[in-house]
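Encoded as structure tokens, the structure appears first; notes follow it.
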Amino acid sequence: MKKAYLTVVSNREIADHIYEMTLKGDLVDSFQTAGQFLHIKVSESMTPLLRRPISIANIHAEKQEATIIYRAEGEGTKLLSQKRDGESIDVLGPLGNGYDPSVVQSGQTALLVGGGIGVPPLYELSKRLTKKGVIVKHVLGFQSKKDVFYEEKFQALGDTFIATVDGTYGAKGFVTNVIEENDLSFDVMLSCGPTPMLKALKDSYPDKPVYISMEERMGCGIGACFACVCHTDQHEKAYVKVCLDGPVFKAEEVALSC
């Protein structure tokens, strides 16, 4: 983990209020694991005070560039969406424990399931798994057609299924409906998205290895403030820190309350 300034290469809207930002700098050399995140200071002023945690969607190591994808909905991310090419951004990272690629072997099938803004980290993961010979399938869930992004990029790596809650694109319903209706088989599931989605996946496949990346509000991003604790399934008084111990966990390790 290091603190550094990265330069904005591009920052564009790719879906409704969804932005893709490419950053460049020496810090990218330390981005080695899919599923980690950056803690970004969105303004040089005192407000907003807290950094914003945003997952890494794509790493271009040879260019020292990395891409993040975020939803501009709050004060901080709206400020981030106004950043222009050439500006510098104060970044702390990479943070957290990402996905362990060794949990799925060459020739096996990995089912990657993402919901909304939980989709981005799965792209870098899919790239890495495909490179090692894993058969990758994707199920991506969104609220509506206007929210869909990166479909073609995922499709280039493996079979990709889209679900929208309102049925305006792809299958109508949730990611769990798509998995069941298409009878998608897999050896390992790796997912990222809202807690209700993660809980549904955990409950639906208790006998399968399911890995989840949790979305939690964070304060410090380094485990000091206890803002993102989550109880474990082993003991009601035991907990983990999502920013430090996660955000990726084996589903059976954490208690998911919706």
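Note: Cβ is positioned from N, Cα and C throughout, glycine not excepted.
The FAD binding site annotation in Swiss-Prot covers R52, P53, I54, S55, I69, Y70, R71, G76, T77. I54 (FAD binding site) carries a strand DSSP state (E or B). The number of other CB atoms found within 10 A of the CB of I54 (FAD binding site), across every protein chain shown, is 24.
Feature annotation from Swiss-Prot assigns [2Fe-2S] cluster binding site to C220, C225, C228, C243.
The feature domain 'FAD-binding FR-type' is assigned by Swiss-Prot to 1-101.
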Please report the number of other Cβ atoms within 10 Å of the Cβ of T77 (FAD binding site). 19
Let me know the DSSP-derived helix, strand or coil state of I69 (FAD binding site), please. strand
Around the Cβ of R52 (FAD binding site), how many other Cβ atoms lie within 10 Å? Please give the count over every shown protein chain. 21
Counting only residues 6+ apart in the same chain, whose Cβ is under 8 Å from the Cβ of R71 (FAD binding site)? H17, I18, Y19, T77, G116, I117
Cβ distance under 8 Å to I69 (FAD binding site), same chain, sequence separation 6 or more: which residues? I14, I18, Y19, E20, M21, I54, S55, A57, I117, V119, P120, F149, Y150
